[in-house]
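Straight from Swiss-Prot, the features:
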SIGNAL    1-20  signal peptide
DISULFID  CYS39-CYS76  disulfide bond
BINDING   TRP58, TYR73  thromboxane A2 binding site
DISULFID  CYS72-CYS131  disulfide bond
DISULFID  CYS181-CYS214  disulfide bond
BINDING   GLU182, TYR264, ASP281, ASP284, MET308  serotonin binding site
DISULFID  CYS195-CYS316  disulfide bond
DISULFID  CYS255-CYS266  disulfide bond
Amino acid sequence: MYKLLVALHLILCTVSHVKTRQRWTALTPEETLFIYTRCQEEHLPADNNSRKTYIENWHQWKLQPNDHVTQCYTKCVLEGLELYDGKQKKFRPGRVSSQHVAYQFLNGATADEVAKYKGAIDALEPASDSCEDLYMAYFPVHETFVNVTRKLYHGTVEGAARVYNSDPNLKRKNESLFTYCEKHVYGDQNREDMCRGRRYELTGSDELRNMIECVFRGLRYIKHGDINIDEIVRDFDHINRGDLEPRVRTILSDCRGIQPYDYYSCLINSDIREEFKLAFDYRDVRSADYAYIVKGNTYDAQKVIAEMNKVEKHVCG
C-alpha cells in the first residue's frame, strides 16, 4: 500500500498541468510541449503547402506570416501558457517570474532579461482579446524577447535536456502516457493485473485505479478536478466517430461516482465500449508524440491495432 501511495504522489506531481491546483505552478517541458503542439494541431490549415510554411516558421519561433491563422495560434499559446487570462482579459506578468524561479538554475536565462521580459508584458494593453489585437500587442515583445521565451518555456535543446536529466519522474518524449503510468504505478509488480488492465478488464485493484487516474490526468480528461468531457469527445472525433458525441456526454453525465476509474468503468460498460477502446488506443499512440497529427498522420484503425498488439506482446508476452 505504501508503494501505491508513493506512486500516486509521483503521478500527481509529474503530470502537473492537469491536477487540481490551489495555486499556479511552473510548467514542465511535457506541459509546454503539449500546449504548443495542441495549438498547432488546432490552428494549422488543412492545405499541405501552406501548412508546411506555418510549421517551419512556428517551430523556429517565428510568429509568421501575420495572418488570422498565426494570430489565433499566438492567442492559443498565450492562454495555454497562462501568460494571458482570457476570462479576465489581461496579461499575467507574474507567471514569467514563477516560471523562471522554478527553473532558474537549468534554463540559462538571466534575472535581468527575465525582468525586462516581464516588464514588457506588464505594459501590454491590447485593444481587445481578439486574435488580431492580442497578436498585434504581443508580437513586438515576442520579437525582442524570443530567446528569453525559449529559455523559460523549455524551447532550447540544452535547457530542456537539463530539466529532463534533473527529474526522472517526468514523462519522456517518445514515451506513451500509458507506458509512463504503468512504470510509475506498477513498476515490476503485479504484472498480471497490469496486463488485464491493458486488455480493458476492470479488475478494481488499487493499482489499476491509480493507473487510470494517472492516464486520465495526463490525457487532460480531468480539468480543474472535474471530468473534461470535451477532451474525451475530441478523441472520438479523431477516430471519425464524432456522431457519438451525444451518447458520450450522456454516459459520462449519468455516470455515478467521482473518480477517473468510475468514468472509465462507465465507458467500458456502455454500448460504445468498442468505439471507446479504439479512441483510447489511438490516443495512446499519439501520446508518445504530441506532434503526431501536426506531422500529417491520420487515423488508421489497423495501424493502431497493430501497434497496440505489438506493445502488449512486448510488455505482457
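Using N, Cα and C of the backbone, Cβ positions are placed for all residues, glycine too.
Ranked by how many other Cβ atoms sit within 10 Å of their Cβ, the recorded positions CYS39, CYS181, CYS195, MET308 place CYS195 at the bottom. Around CYS316 (disulfide bond), the same-chain residues at least 6 positions away in sequence with a Cβ under 8 Å from its Cβ are ARG191, MET194, CYS195, ARG198. Contacts of ASP284 (serotonin binding site) defined by a Cβ separation under 8 A and a same-chain sequence distance of 6+ are given as SER176, LEU177, PHE178, MET308, in order along the sequence. In terms of C-alpha distance, the listed recorded positions GLU182, CYS214, CYS266 place CYS214 closest to TYR73 (thromboxane A2 binding site).
Around GLU182 (serotonin binding site), the C-beta neighbours below 8 angstroms that are at least 6 residues distant in the chain are MET194, MET211, VAL315. Calculated from their C-alpha atoms, the gap between CYS131 (disulfide bond) and TRP58 (thromboxane A2 binding site) amounts to 16 Å. Neighbour density for TYR264 (serotonin binding site): within 10 A of its CB lie 24 other CB atoms from the protein chains shown. For CYS72 (disulfide bond), the nearest neighbour among the listed recorded positions (CYS39, TRP58, CYS214, CYS255, TYR264), judged by C-alpha distance, is CYS39. Mapped onto three states, the DSSP output places CYS255 (disulfide bond) in coil.
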